[in-house]
Each structure stands twice: as structure tokens, then as C-alpha cells.
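Straight from TrEMBL, the features:
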SIGNAL    1-26  signal peptide
DOMAIN    50-72  domain 'Glycoside hydrolase family 19 catalytic'
DISULFID  C50-C99  disulfide bond
ACT_SITE  E94  active site, proton donor
DISULFID  C110-C119  disulfide bond
DOMAIN    163-173  domain 'Glycoside hydrolase family 19 catalytic'
DISULFID  C197-C229  disulfide bond
Amino acid sequence: MAIYRLLSLIALVFVAGGALPRNVRAQAPVADVVTQAFFDGIINQAAADCAGKNFYTRQAFLDAVSSYSDFGQFGTADDSKREIAAFFAHVTHETGHFCYIEEINKATYCDASFTNYPCNPSKQYYGRGPLQLTWNYNYGAAGNSIGFDGLNSPESVASDPVLAFKTALWFWITNVRPVISQGFGATIRAINGAVECDGKQPALVQARINYYTDYCTQLGVDPGTNLSC
């Protein structure tokens, strides 16, 4: 019995000292997963005249990630790869393979009920950046978190690629990360569920799923279950 207890203590010390359970693999750095080849495989599908081709870069993404160290460091190594695949699936869908910096059908997107984020009447809060940040309350909250004047200078998101990626990561960590363990379908619902889910836009939902499963294949990870919404 004494020997058993001693061995148990040694095992605990071994795990506490940095060893991982056999069914858990340490996450790789995001830069090792999002290689230049992976990033180029997305953006190279955009037309040559796309504004985003000269705006979005892998380095800008990695610079933004340095402010969000939790991104791509979720659960097991496979969980992390699934999160990265999900993020880029939505980015691909929202920007047309990094073609668009700004929303095509621009509108004001001011919800006056959010009185803590008052709209500037001379500004519009349409989609900008990798996840097309939209609405005054998102610009205001993102600005407070990141450190820019989202309400009075929303256009900054479309002129600074690092800031653009930061807004996407802010939205992801704030609104999408909490449901990611429920499957890719939950991430669709978190991003655009009111417009696409529950049979509203099945083709758009499937397009997101197709990007996700493709990127999971590229990253060598099973996409998991509950892919649709």
C-alpha cells in the first residue's frame, strides 16, 4: 500500500510538472497551423482586382493574434485546429476569400436602443473586416476593448489590416468561442443565425460548412458533429 501511494504521488508530480494525459496533445502555435501556404490557398482564390488582395495578409493576422493569445489554444490540439478551421471558414464566406474589406450592400446599421453606444449621425456601421463587423454596438464595444474610436471612426477597420483582424478576433472570442464546443453549426448561429439558420438560407449555411470541412481536411483534423444550424 505504501509503495502504491508513493507511485501515485510520483505520477501526480509528473503531470504537474508538465506531462499531459495520453489522450491530450499540446496545441501548436497558431503560426505553425496557419502557414503561409494555408493563407495563400484562401486569398489566391480571390480575383486579382479585389481590394482585399492588397489588404489582408498572414502577418497582419498573426500580429492581431498576439493580442488574443487564447485564440487557437482551445482544448486539445484537434480542438484548436477545429477552431482555426471554423474561424477561417467564416472569414472566407464573409469576405469572398479575402476579396472584400467592406460590405457590398452598405447601410447605416444604427440601433438607437443601445444608448451606451450612441451612433454618430455622419457615420455608418456596415460590415468591415474579416468577419464584417456590423452595428454601432459592436463597433463601440470592439473599440472599447481594442482601443480605437469605433463609434466615431468605424472606417479605421477598413484602413488598418491588423485592426481589422483584431475586430474579427474580438468578435470571435466574445461571441463565438463560448459556443464552439457545441459544433460548427453553433458558430454559424452565433455569427448570422437570424438570417441563415433554421431553414432560412440553407445554401449559405452549406457554403460555410463546405469551407469548414475543407479546412479541417487541410489541417488534418476531423470536423466533428453538429455542423449545421
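Numbering starts at 1 and runs along the chain as it is shown here.
In case you wondered, yes, glycine gets a Cβ from its N, Cα and C as well.
For the domain 'Glycoside hydrolase family 19 catalytic' (163-173), same-chain residues at least 6 beyond its ends with a Cβ under 8 Å from one of its own Cβ atoms are 55-56, 60-61, 63-65, 67-68, 70-71, 87, 91, 101, 128-131, 133, 138, 142, 145-146, 148, 156-157.
Between the CA atoms of C229 (disulfide bond) and E94 (active site, proton donor) there is a gap of 17 Å, rounded to the nearest whole number. Cα separation, C119 (disulfide bond) to C197 (disulfide bond), rounded: 29 Å. Within 10 Å of the C-beta of the residue listed as 'active site, proton donor' we count 20 further C-beta atoms, all protein chains included.
Confidence in the domain 'Glycoside hydrolase family 19 catalytic' (50-72), given as mean pLDDT, stands at 97. Across the domain 'Glycoside hydrolase family 19 catalytic' (163-173), DSSP assigns 11 helix, 0 strand, 0 coil. For the disulfide-bonded residues C50, C110, C197, C229, the ranking by surrounding Cβ atoms (within 10 Å, all protein chains) places C229 first. Cα spacing between C99 (disulfide bond) and C110 (disulfide bond): 25 Å, rounded to the nearest whole number. On the backbone, the CA of C197 (disulfide bond) and the CA of C110 (disulfide bond) stand 23 Å apart. For C99 (disulfide bond), the count of additional Cβ atoms within 10 Å of its Cβ stands at 18 [all protein chains shown]. Cβ neighbour count for C119 (disulfide bond) (all protein chains, 10 Å cutoff from its Cβ): 22. For the pair C110 (disulfide bond) and C50 (disulfide bond), the Cα-Cα distance reads 28 Å. Note: the CA-CA distance between E94 (active site, proton donor) and C50 (disulfide bond) rounds to 14 Å.
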